[in-house]
Amino acid sequence: MSKKISGGSVVEMQGDEMTRIIWELIKEKLIFPYVELDLHSYDLGIENRDATNDQVTKDAAEAIKKYNVGVKCATITPDEKRVEEFKLKQMWKSPNGTIRNILGGTVFREAIICKNIPRLVSGWVKPIIIGRHAYGDQYRATDFVVPGPGKVEITYTPSDGTQKVTYLVHNFEEGGGVAMGMYNQDKSIEDFAHSSFQMALSKGWPLYLSTKNTILKKYDGRFKDIFQEIYDKQYKSQFEARKIWYEHRLIDDMVAQAMKSEGGFIWACKNYDGDVQSDSVAQGYGSLGMMTSVLVCPDGKTVEAEAAHGTVTRHYRMYQKGQETSTNPIASIFAWTRGLAHRAKLDNNKELAFFANALEEVSVETIEAGFMTKDLAACIKGLPNVQRSDYLNTFEFMDKLGENLKIKLAQAKL
């Protein structure tokens, strides 16, 4: 390449442990040699979050709001052991949760598929992107044990002082049981719908919303009605122009359809369904090391991309002792490519779009040519059968990717 590609503004968030080391290698070997970025860096490593009382996480989220593109390295969410290990002031919340609460939006998870990595569901030849509505329902419910006979009722008290409305949930006549009250808000469901429609348009894939509205006629019916209304008013013509579609499906029918399908669609799930199905689908594709996670905000302009896995602590402990590691960087690389691709789309930057796509192609082609990390070799051969000659270590694999990217870009005369 004769000159670097002008990449525009990107918010970059550094992370923890082995993924932090990989993150620096990605920048050094795959991004910075080719792209000139107006980079806004925030250190979300656990020590710096503690030193700033987690203000750095909030600052990073505000920066993403301002510049519309964020790329994030995996971070530690501390438990008691981590509080002790790092002598933290307190058990800081998940940075992902903090960022999501500030930005809003929906998290979409997508598998990165290589032909030579076996899938548990062999028919899935294209990704299934799961969008989880990460608000309300069971996760913000009030539940309790009913100690004995009696009535459980739910009451709505209007703010304007008009008549209260009370609903009988159940009349416990023979002993106690359990009860729960849960909720969601129209605004949150609307945001979820917009993010889902935006994602479908950006991928050019159909969108399905799954609920159980035959049983929860009012509750799940509200999700169905809001999605349909927004689709008809704002997205239907765009979908038809792209020859894609939106459909509501019952959750049980949708699960069966997904198993039989070849993939290649967006699946919008309510909170609990998304929690369960995203892990189920991830496992079906074979490896969490090959799973991207993108937060899409309802404005369709603001996106934050990251790997769907953790900080790979076990490998970091080996690295600290000077032992060889073979850590898969692919999901972290795709956090960068998805962020850069979105920047390219916002700025109509064709060179940057080509670069992001080329780096994704190189990542997949390198693995399909037989150069991979140990976790992927284990997917193919089974861990007990893996020899050292079957895989590259962390640094060898990054070098191989760098070498192949250089060749691809030279061939493209970019």
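Glycine residues also receive a Cβ, built from the backbone N, Cα and C atoms like all the rest.
According to Swiss-Prot, the feature N-acetylserine maps to S2.
For Y42 (phosphotyrosine), the same-chain residues that are 6 or more apart in sequence and have a Cβ closer than 8 Å to its Cβ are V11, E12, M13, Q14, V56, T57, D59, A60, A63. Per Swiss-Prot, the feature phosphotyrosine maps to Y42.
In the three-state DSSP classification, T313 (NADP(+) binding site) falls within a helix. Under the heading NADP(+) binding site, Swiss-Prot lists T75, I76, T77, R82, K260, G310, T311, V312, T313, R314, H315, N328, citing similarity to another entry as support.
Sequence annotations record features per position, and here Swiss-Prot assigns substrate binding site to T77, S94, P95, N96, G97, T98, I99, R100, R109, R132, K212 based on similarity to another entry. Mapped onto three states, the DSSP output places T77 (NADP(+) binding site) in coil. Cβ neighbours within 10 Å of T77 (NADP(+) binding site), excluding its own Cβ and spanning all shown chains: 16.
The N6-acetyllysine annotation in Swiss-Prot covers K81 (among others), and the record cites similarity to another entry as its basis.
Listed in sequence order, I113, E262, G263, G264 are the same-chain residues six or more apart from K126 (N6-succinyllysine) with CB atoms under 8 A from its CB. If you look up Swiss-Prot, you'll see K126 (among others) marked as N6-succinyllysine.
Taken from Swiss-Prot, the feature site 'Critical for catalysis' covers Y139 (among others), and the record attributes it to similarity to another entry. Under the DSSP three-state reduction, Y139 (site 'Critical for catalysis') is assigned to helix.
In three-state terms derived from DSSP, K212 (substrate binding site) belongs to neither a helical nor a strand segment and is classed as coil. Cβ neighbour count for K212 (substrate binding site) (all protein chains, 10 Å cutoff from its Cβ): 16. What Swiss-Prot records for K212 (among others) is site 'Critical for catalysis'.
Taken from Swiss-Prot, the feature N6-acetyllysine applies to K224 (among others). Non-local contacts of K224 (N6-acetyllysine) by the CB criterion (under 8 A, 6+ apart in sequence, same chain) comprise L209, T211, N213, H248.
The number of other Cβ atoms within 10 Å of the Cβ belonging to K233 (N6-acetyllysine), over all protein chains shown, comes to 8. In three-state terms derived from DSSP, K233 (N6-acetyllysine) belongs to a helical segment. The feature N6-acetyllysine is assigned by Swiss-Prot to K233 (among others), with similarity to another entry given as support.
Here Swiss-Prot flags K243 (among others) as N6-acetyllysine. Following the DSSP three-state reduction, the secondary structure of K243 (N6-acetyllysine) is coil.
The 10 Å shell around the Cβ of D275 (Mn(2+) binding site) contains 17 further Cβ atoms across the protein chains shown. DSSP assigns D275 (Mn(2+) binding site) to a helix. Under the heading Mn(2+) binding site, Swiss-Prot lists D252, D275, D279, citing similarity to another entry as support.
Residues or ranges marked as N6-acetyllysine in Swiss-Prot (evidence: similarity to another entry): K321 (among others). A C-beta separation below 8 Å, combined with a sequence spacing of at least six in one chain, links K321 (N6-acetyllysine) to none of the other residues.
Per Swiss-Prot, phosphoserine is recorded for S389. Remark: S389 (phosphoserine) has no non-local neighbours by Cβ distance under 8 Å and separation of at least 6 in sequence. S389 (phosphoserine) falls within a helix when secondary structure is assigned with DSSP.
The N6-succinyllysine annotation in Swiss-Prot covers K400 (among others). Within 10 Å of the C-beta of K400 (N6-succinyllysine) there are 17 other C-beta atoms, taking all protein chains into account. In the three-state DSSP scheme, K400 (N6-succinyllysine) falls into the helix class.
The NADP(+) site in the record is lined by T75, I76, T77, R82, K260, G310, T311, V312, T313, R314, H315, N328, and its two most distant CA atoms lie 42 Å apart.
Rounded to the nearest whole angstrom, the C-alpha distance between K233 (N6-acetyllysine) and P95 (substrate binding site) is 35. In this structure the alpha carbons, written CA, of D252 (Mn(2+) binding site) and K212 (substrate binding site) are 8 Å apart.
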